[in-house]
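Here is the structure we will look at, set down as structure tokens.
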Amino acid sequence: MEDNKIRPLLKPASGREFEGDSERKTAAYFKVREDLSTESTDKLPAEVGFEERSIQSFGRRRGRSLTDTQEQLLTTLLPSLSVDVKNMPKAKEYCLEIGFGNGCHLANIAKRSADNFYIGCEPYINGVVHLLNIIKCDSINNIAIYTEDARDLLSTMEDDFLSKVYLLFPDPWPKAKHHKRRLVTHETLALFAKKLKKNAELIIATDHLDYASWIYEFLKDNEFFELKKTFEECQSEPDNWIKTKYQQKAEALGIKPYFFIAKNQK
Ligand SMILES: C[S@@+](CC[C@H](N)C(=O)[O-])C[C@H]1O[C@@H](n2cnc3c(N)ncnc32)[C@H](O)[C@@H]1O
């Protein structure tokens, strides 16, 4: 693949380090994340000749085997929460969370803003089941779930439709040969910009320093989004923020994540 659209590795400016970084622990943490990411059983679309946009950005689709109750949630509740882009329920705002993991962040923002409608994308089935369980226990009725690549869903959506896109702790794909799997590329930013309303927000967070630099450079230098903060300023957590599972894991290791909030200015 030609990498002129996917930027070369952007080295963090010298002196940029995670606060309280314990080198050994952090290296072990990212090694585990890298191993989990590459545990994919699917053949890479790129290897069978698909176009660049189809390059798989996620690793495992399943983890621990599911209990009968969890399987039941998948067969009974999930179909009723599927996304129908042509027939969305009436709502004040429509927001998308890409890669919701265990769904706690998504469930909490949905409960907090009952007038809005939330679409969550997550191909990791164990995460989907976790969210289904929360939806059932807390009787949440403003979430729809898509279990495939978020980019496929986005391309079927109306333009100028979304008020927020959350991309929280996306897989960092740390090895240079895997950078093409990163979700933040010129193409995905263009897609987000098209589907977001003017002045709507793209919210990206990461705990990975190299990916943080990569994201910052993309957001600072593109025609769609405006990011007003300096790289260092992006280390402060937004107000009323709900922490995700990966954020909590990183913070437990003393890693301070980055939060990029960019305005769509197309
Ligand atoms: C590192 S996890 C972070 C999960 C969660 N956001 C958190 O912070 O706890 C990244 C998640 O993104 C999902 N993912 C990766 N590529 C995706 C895509 N193209 N569409 C939707 N989800 C994706 C993965 O399956 C994985 O669960």
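Just so you know, glycine gets a Cβ as well, placed from its N, Cα and C.
Automatic prediction, not curation, is the source of TrEMBL annotations.
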Among the residue ranges 1-22, 45-66, I'd like the one that TrEMBL describes as region 'Disordered'.
1-22
In angstrom units, rounded to an integer, how far apart are the Cα atoms of E97 (S-adenosyl-L-methionine binding site) and D207 (substrate binding site)?
17
Including all protein chains shown, what's the count of other C-beta atoms within 10 A of the C-beta of E122 (S-adenosyl-L-methionine binding site)?
25
Which entry in the list of binding-site residues, E97, D171, has its Cβ near the fewest other Cβ atoms, using 10 Å as the limit?
D171
Cα-to-Cα gap, K175 (substrate binding site) vs D149 (S-adenosyl-L-methionine binding site), nearest whole Å:
21
Which binding-site residues out of E97, D149, D171, K175, D207 lie by ligand 1, going by a Cβ under 6 Å?
D149, D171
Identify which of the binding-site residues D149, D207 has its Cβ surrounded by the largest number of other Cβ atoms within 10 Å, counting every protein chain shown.
D207
